[in-house]
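The transmembrane segment feature in TrEMBL is assigned to A:35-57, A:77-97, A:104-123, A:143-166, A:187-210. Sequence annotations record features per position, and here TrEMBL assigns domain 'Heme-copper oxidase subunit III family profile' to A:35-211.
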């Protein structure tokens, strides 16, 4: 009887607004670390929003150079997008494997994530090199400056993510699934998924909206 | 007494962390997320190149699909939920979104007004 009354009370006030709770102490380190990293990710997204704003303003300023619809290849962008989506999935599998301390599935998930990330970077690098070779480098027009800085900034984040991924595999190899290694793995997974969210905005705003005639 | 033990056992969740689930349920969550994300992506690419719909509706549809896909990523991959153990994470996200909308929306609004009120370039040259 007393138990059901308590349960009802907790459900009626899930955020504990109406009472003072005796806190057991500071939050566990895992929560503090991941929350701090979440704040960093949000500030990174705010930085990307400045690049998006610049692209939105400058996308029409082609200075006699090519427009977006003349240089974007949707097939390449579709392959890049599928690579990043699948790598986000395999990264999730690797973090589950790390939580249950299964080395084989952890290494397999991280290796597949790494390969998919490298395929993404190779396609993007080839696209950039092709544009520069045709004389459409970042100095050609304000539109191309905004395009290269926005997409290139995301590419740099992916490159940094792959380096971090390799160091995570090395740390698990050398030190095993210690608590601090698992915290770093959780931050890495957050970083990789956040990159995927930014890529959704990039392919929608830059490539699909930008290739409209 | 039982009330207090219930409350002290209650912790916040770190961002990216799930409530206690079995491995099978967690994998299923990622599979559902991947399926929805692929579906929304395929729809975006299809809509962008099709002649089947009214053309002025395409940009709006692309933006709506992108926002929906970001929501799918947040829920299924980053595990941001509306539960009481996620309040801190959601509040931080809400503040981040506020800044993003202020920066992007404010820039586009102000710059389009400046563009509309600016005389064409040859007129400026003649004024000098």
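Cβ from N, Cα, C; glycine included.
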Per Cβ pairs under 8 Å, the stretch of A:35-57, A:77-97, A:104-123, A:187-210 packing most closely against the transmembrane segment (A:143-166):
A:187-210
Chain residues outside the transmembrane segment (A:35-57) and at least six past its termini with a C-beta under 8 angstroms from it:
27, 146-147, 149-150, 153-154, 157, 187, 190-191, 194, 197-198, 201, 205-206
Which whole-number mean pLDDT does the model give the domain 'Heme-copper oxidase subunit III family profile' (A:35-211)?
94
